[in-house]
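Accompanying notes for the structure given below.
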Amino acid sequence: MRVRGIEMASKDCVKVAVRVRPFNKRERDAGSRCVISMTSNNISIQDPRNPQNSRTFTFNYTYWSHSGFTRNKDGLFVPEEAGGRYADQTSVFLDLGQGILDNALQGYNATLLAYGQTGSGKSYSMVGYGPNKGLIPTLCERLFQSIRNMQDSRQCQVFFSMLEIYNEQVVDLLSKSNRSTGGLRVREDQQRGFYVEGLRRVPCDSAVQVEQLMEQGTRTRTTAATHMNANSSRSHMLIIVQLKQIFSKECVTKQSNIYLVDLAGSERQRSSGSEADRLKEGTAINLSLTTLGNVISALADMALGKKVVHIPYRDSVLTKLLQSALGGNSRTVMIATLSPADICYEESLSTLRYAERAKRIQNKAVVNESPTERLVKELKAENAKLLMRLSRLGQEGRKADDETKELRRLLTHNELQIRAIQTLWEQHLQEALKDWETQYATITQERRMMQMHPYIMNINEDAQLSGVVKLFIQEGEWDIGLADNSPRALSIRGLGIQEKHAVFSNQQRRVSITPVSGSKVIVNGVSVSKRIELQHLDRLVLGSNSTYLFIGFPSERSGEDWSRYDYDYFQSELAEAEGFHIQSLCEDQGHRPHQPDPSLLAVFYDYIKLMPMVTEANQMSKELKKGVEFKLEIKNLAMSDSKGHDLEKDIAVRVTSVESKQVWMWSKAKFVNRKFLMEEVYQQQVEGGEGADRAPLPRDRDPFWDPLEPLHLGSAHLWLQSVAFRIPLEEQVEVVGPEGTEEAILQTQLVPCSPMGLPLGEDDILIDPSELLGKRLDFQLVLDQCCGLRWVKEARNRGVQIGFRVFDCPQPLYTPAMWHNVNPLMDHRVQFTALRTSQELLSYLQSNALVLELWGLQEGCSELVSCMDGLKITQEDSIIIDKISASEHSTAENGGSDLSSSLRALHQDLEQLRNVNAALRKENSTLREQLNSARNGVENNRGRQERRSSLRPSCDAEFAKALKVFYHSMTSVRGQLQRLRRHKPSEEADLLGFRLFVDEHTYLLKDFSEQLEQCVTTLKQDVAAIVRRKREKSGIWS
C-alpha cells in the first residue's frame, strides 16, 4: 500500500516514510504474530503482552510490504492483485527516490537516510536483492537516463564515493591503497562544510559503472569487517553522488551532493539486562547513532519553538558529515523500516518514536553554485578586461611593448587555466574507465571460475555482505590460513585463524578438509579434528566465527535455494549441537513447540546472537593472555518469584578467571558493551604488532576485569502456608541454581510463637486461618544449617550469605557471612510480627513462599549488609510486617467527627423498623396457634441442637490434634524424599558400586513408601475414630 501523506507546512521539512517488511524465516518458524497495522498514513503498533495498549503514529508515507505479494516470472515481488495494498520497490522509489533525484537535478543537496533495527529491511529498501533493485541502484539508473535526455542543454559530471563509519573511524571503500591506521580524517572548510580528507571521488558515466563500484565497495567492506573483527550491523555506510550540471549558454553551473545513508542497526537492550557498567557505556561504536538521536531531538525541539542552546553536530563523525542533511542546506527523506513480529515489539516502537521526532526537523535548502565554475567565470572576466586594455593600447598607438607583453602573458596563462579546468573531467573519466575495465575483467574471471571449480563463500550477519568473498578449491591440495606466501594458499583473516589453519584437498572430484593440530574447524555444527569429506552446501566455521558455505562441483548444483543457509542458520545449528534449540526450551516451559511464548523466542534469539560474540571474546582473551573465560547461561527468573511461577528466562554471561577461580556474572547488555571495548583493545594490539612496546592497560580500564561483587548462586522456596494455621514446620529445602543445578540444602524452620518468642502449643493450632484476621501474629524464621555448598567445594576460599524478604519488608535481610565451610552451621533466627493481621497478609501466607537467596562471596568482595531503613521493630526486637495502611489510620482518626451523622441515619432507620414491626405483630398473632401445636417437636429439636453444639468444640480440638500429628510425620517424610533426591551413584563407581547403589536406593525407597503409607493410615484412623465417637454421642451424625 502506497499512501501519500499530508504535506508538511514547510517545503523543507524532513519527510519520513515507514515500511513494514514480511516475516523472516525465524519469525515464521516461531509462529510470530503481527502487531502492526496501517490505515491511510497512520501506523499502529500493539503491545503483545497487553493487547489493549496500542500506539498510533502519523507519517508522510507508509508502506505495507508485509503481505499480499507474489513473485512474477522475472523474480520481482509484485502485488497479488492489481491495486493491492502491497508496496513494491517501484512504489517506494516513485515516492522517495524520484523526489531525491528531482531535487538534485534542480541543484539542491538531497539526503536519504535508512533507519531501523538490524534485519528490519534497511538494506533491502536501499540496495535491494537480485532483480528487486532498491533505491540506490534505481536512482543511479534514472539519473543517467536523465543526463542522456538532457545532454543537448547541459554538460553533466557525476562523481561517486563510498565510505563506512565504524567505531568513529572513516574507511574509504573505493581506495586503492591499504587502509590507514585510524581511518580518514574529517575536516571543516568554510565553504564546503565538513568533508572527508583524501576520500576517493570516482567519475562515472553509466549506471553499470556505479553498480560495479558498489560491488567493489561491498567487497572491501566485507574484507575489512573480517580483518577488524568488526560487526557490520554496527557500522554506517554512506554513498555520496556528486552531480555537476554545466549550462554553457547561461554560464551557470549547479552542483548537488546526494547522500545515501544506510545507518547502523538501532537495537535497544532488553530492560532485564540494563544495569549500568562501570566502563563507558556504548563506547565509540555507538557514539554516532547516539549523537544522531541527540541532534534529531534538539532540532525537533527547536522546530516546536523550544530554546535550544547547542546542537551537538561535532560530537561524532556521522553527524558532522550529515550536518547539511539535518537542519542545513539539504532536502532530506528518512525511511524507517520495521519488523512486524511480536518478538520485535520494543525495537519497532523505539524506531517509530525516533521517526516521529525526525519529521519535525526543518531544513533550509538552496540551489548550489559550483566554486570551480565561479573561478572560470572570474578568469573569463579578467581575460575580457585584458583584451580591452590591449585594444585600448592599440587604438592610442602607444609603444608600450613591455606592458603589452605582460598583458598577453596573463591572457595566455588564464586561457590555459580555463582549458585545464574544463579538460580535467575527461582525464578523470578516462582513468576511472581504465580501473573499471580492470575490475570488470576480475569479476568476469571469477564468474568463469564459479562454473569450473568448487569453492567456499562467506556468510555474513549482514545479508548484503554474504557471498562476496569466494575462495576456489582447484585440483590438488590448498592450505588455508593467515599465510599468503605460497602459490597454493588460500588467505583468510579473522579471530582464531592460524598461519596454516587447515588443508583442502580436491582429488578425483572429491573435496575434503583436514584441520591442522590446534586449529578450530566446525562442519555442520560439529567440531572436527581429522580429515572429513565435504558435501555440497556443507557449513564451515573456521577459527572463532569465520563462516563459509561450501559449494560443490557444478554438476552437484541442482538449482536449490542457497539463501536459507544464512547467518542465523549457522548459529542455530551451532546452538543445537550444544543441545540448545527452541523446541527443548519450549518443552521445558510446558509450551507446545508450535505455540512458543514470545519471551522464550526472544531468549533463544538472544542466545544464538551472543554465541559468536562469546566465542570471539574467548579468543581475544586467549590471544591477549587475559586468562578469562566466558560462558553463556540461561537465568530462570522464576527463582526470584515468591509464587514459584516461571515468569520468563534471560541470558547472562558467566565470566571466570582461570587462575584465581574468581567469578563474575554479566548481563547481556553489559557483555555486549564490554565486547566492543575488548575489540578496541585487541585492534590496538593488532595494529601495534607483536613486538610493539605497549604499556599494560590499567586494571580499572581493562574490559576483561571487574571489581568482585556478591554473586547470586540460586534460590530456595519455603512455603508459608503452615504459618497461617499456626503449625510449626521443619523442612529441608533445595537451593536451585539458574541452570537447575543443586547448589545446597538448607535446613529451615517456621515457628509460630508468642510475642516473647516462646513456641506455641498444640492448642493454638487453627482449623480456619480467617480466625487470625485483626489479631496479632508472631512467627520466627530459623535457618539452622546449609549443607553441601557447591560454591565452596569448587574453591575453599569462598563464602556465602542467605538473603530473604518477607511480605512488605522494603529491603532484603541477610545472614552473617559464612566462609571456608561446605556445611556451615548458621543458627540464624529472625522474628516477624503482624500487629493486626490483614486479609492481604493472610492470602500471602496461604499462597506464597519465602524466597531464600544464596549469595556467593569471594575474597576481596564486600559482604551484603541488611538495611534497616524503613523497618519498624517491636519492644521484643521483632520486625513488624503488614503495617496498618494510611486509610485505616485516617478512618480511626475521623471516627468521632462522623458519629453525629451516623446517629441521624440510625434514627431514620429506627422509624422505618417501627412501622415494619407493627405490621409483623399482626402476622405473629395468626402464627401463634401453629407454633403451640408444634412445640413438642421444637423442644425435641432444641435438645438435639444443644447436644450437637456441646460436641462441636471437642470435635474441632480432636481434628486439630490429628492434623498436627500428620504435619509432624510428613516433615520426616519430606526429609526422606530429600535424601532420595540427593542419593546419586559416584562418578567413579564400577559395576559392584552400581549394585550397592541400587540396593541402597531400593531400601530408601521402601522406607519412604512405608513412612508415607503410615502417615496417611494414621490420619485415616484418627478421623474415623473422631467420626465414630461423634456418632455414638449424638446419634444424629450420619
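Placed from the backbone N, Cα and C atoms, the Cβ positions cover glycine too.
Look at TrEMBL and you will find 13-361 tagged as domain 'Kinesin motor'. Annotation comment: TrEMBL describes G116, Q117, T118, G119, S120, G121, K122, S123 as ATP binding site. Per TrEMBL, the feature region 'Disordered' maps to 930-952. Taken from TrEMBL, the feature compositional bias 'Polar residues' covers 930-939.
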Under 8 Å by Cβ from S120 (ATP binding site), counting only residues of that chain that are 6 or more apart: R21, T337, L338, S339, C344, E347, S348, T351
Mean of pLDDT values spanning the domain 'Kinesin motor' (13-361): 84
C-beta crowding around G121 (ATP binding site), within 10 angstroms: 21
S123 (ATP binding site): tally of other CB atoms within 10 A of its CB: 24
Environment of G116, Q117, T118, G119, S120, G121, K122, S123, the listed ATP site - residues of the same chain whose CB lies within 8 A of the CB centroid: R21, G265, T337, S339
Number of other Cβ atoms within 10 Å of the Cβ of K122 (ATP binding site) across all protein chains: 30
Site of maximum Cβ density within 10 Å, from binding-site residues G116, G119: G116
Other CB atoms within 10 A, centred on Q117 (ATP binding site): 22
